[in-house]
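Remarks on the structure that follows.
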C-alpha cells in the first residue's frame, strides 16, 4: 500500500512539475546512498572488534552429546550425491546420535535412483521404522545414519518446503540441534562438535551459529574470483559487524546450526519453520529469531562451496537472492508497529535498509552511471539541472570516492588473503572487473523485481558439479549392496 502511494505521489509530481520532482528524486537517491554507505562503514568498523564466541573442546566420544539433525535438501543433483554423502560421512559425530536426512522430491527420479544405487535407506521402504526415525541398525553398513526423505507432491518445490517436511522427522527423533548443508558443501569435519562446544558456553538466547562460507574453485575464472573475495568480505567483515551490533543477520542458507527448540518457538502460524514460498527463507528466519529475542553468532568453522563459474549461473542466483530480499523486506513491513515493537526501531530500520537497500542500490547504480556518461559526453543542460550544488558534490563524492573504495576493498582483501595463504596473487587483476559484475547483477535485480511484481517468481536453482574431484570419493562407503524395499530390520 505504501509503495502504491509513493508511486501515485511520484506520478502526480512529474505531471505538475517534472523538473522539481526529478531533482527531488535524484536527491532522495543520493540520500539513500549516504545512508547505505554510512551503515556499511559503521558495520565494517564494528566487525573489526568482533570476537567469535568461546567454546569448550568437545570430543566425539562425549556421552552427553545431543541428537543432531543434518538436513540435505537436493534437487536434480544425481551427479553430486556420492560426493555429498562422502563429505557428510566425514563429520566427526557419533553415528547413533547423527540423523542425516537427504531430502528429495518424489518426481526427481534421477536423484532418487542415484540414492537407491548407493544403498541409502528410504523413509518409504518397508525396512524403515518410524519409531527409531529411520536410523536402522544395519550392522557394518557405513551409511546407516543417512535416510532419504521423499518429499510428497502438493507443496511448492522449494528448499524451505522440503525442510518443513523433514522437521517432523527431526522432532520424532528428539534432535536438539539442526544444521543444513547444500549439495556441493564441504564442511569442516569437526564443525558439529565446534557448534556443540560453542552452544555449551553461549548464553541461552543464542539460537543460531553461522559458519563461514568460502569456495574451493576461486581460481577458475574472473567470476569465481570475484565471488570468492565478496564472500570473504561478507563473512569476515560484514557479518561480524552485524553480530557485534546485535543486528539481524541474513543467514547463509547453509552451515547454520540451530537449536531446535528455538526453531519451534518462532514457527509460522501454520506450524512450519521456514516460509516455503520465500526465495531467501534464511533471511526471513534470521529476522524472526531476532524479533523473538534470540541472538545469532558466528561459528569459527568453514564450509567450502562451489562458486558460480558462468554469468548465466550468477544471473539465476542473483535473481533468487535479490527477489528474496525484497520479498523478506515486504513481509516484515506488513505490520510495522508490531515489527518495531518486537525487533526494536534501530534493528528494524537497519534490517529493512539491508533488505530493500541491497537490491535498490543495484537498480539505481546503472542509471547514475548512464547519467554520468551522457553528461560528460554531451554536457546536456537538462542533466546538470538535476544536480544543484547541494546534491552535486555529495553525488560526485559517492560516485568517485565510493566506487574507488569498493574496488580498493576488494583488492585489499584479496591481497590480505594472498599474503596469508601464500598464493592467489594472480587473482588481483580480476578485482578490476568488479564493475562489470555489478552491472550484470543490476540486470538480474531488475528481472527479479519484474518477477516479484508479476507473480512469476520461481526458485532459480543453482547448478553444481562443474569442478568435481573424483579422487575425494570414499569407495568403502558404497561397497555395501543397496537396500531393497523388502529388506528386514537387523
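Placement of Cβ uses the backbone N, Cα and C atoms for every residue, glycine included.
TrEMBL tags one of the stretches 3-24, 25-46 as transmembrane segment, and that stretch is 25-46. Annotated range for transmembrane segment in TrEMBL, selecting from 316-340, 391-415: 391-415. If you look at the transmembrane segment (345-371), the same-chain residues 6 or more away from its ends with a CB under 8 A from one of its CBs are 29, 32-33, 35-36, 39, 246-248, 250, 283, 287, 290, 322-323, 325-326, 328-329, 332-333, 336, 339, 383, 386, 395, 399, 438-439, 441-442, 444-446, 448-449.
Counting same-chain residues at least six beyond the ends of the transmembrane segment (25-46), those with a Cβ under 8 angstroms from any Cβ of the stretch are 10, 237-238, 240-242, 244-245, 247, 350, 353-354, 357, 360-361, 364, 368, 386-387, 390-391, 394-395, 398, 402.
Here the transmembrane segment (427-449) has Cβ contacts under 8 Å with residues 218-219, 222-223, 225-226, 228-229, 311, 314-315, 318-320, 322-323, 326, 359, 362-363, 365-366, 369, 403, 406-407, 410-411, 414-415, 418, 457 of the same chain, all six or more residues outside its ends. As a whole-number mean, the pLDDT of the domain 'Glycosyltransferase 2-like' (179-381) in this prediction is 93.
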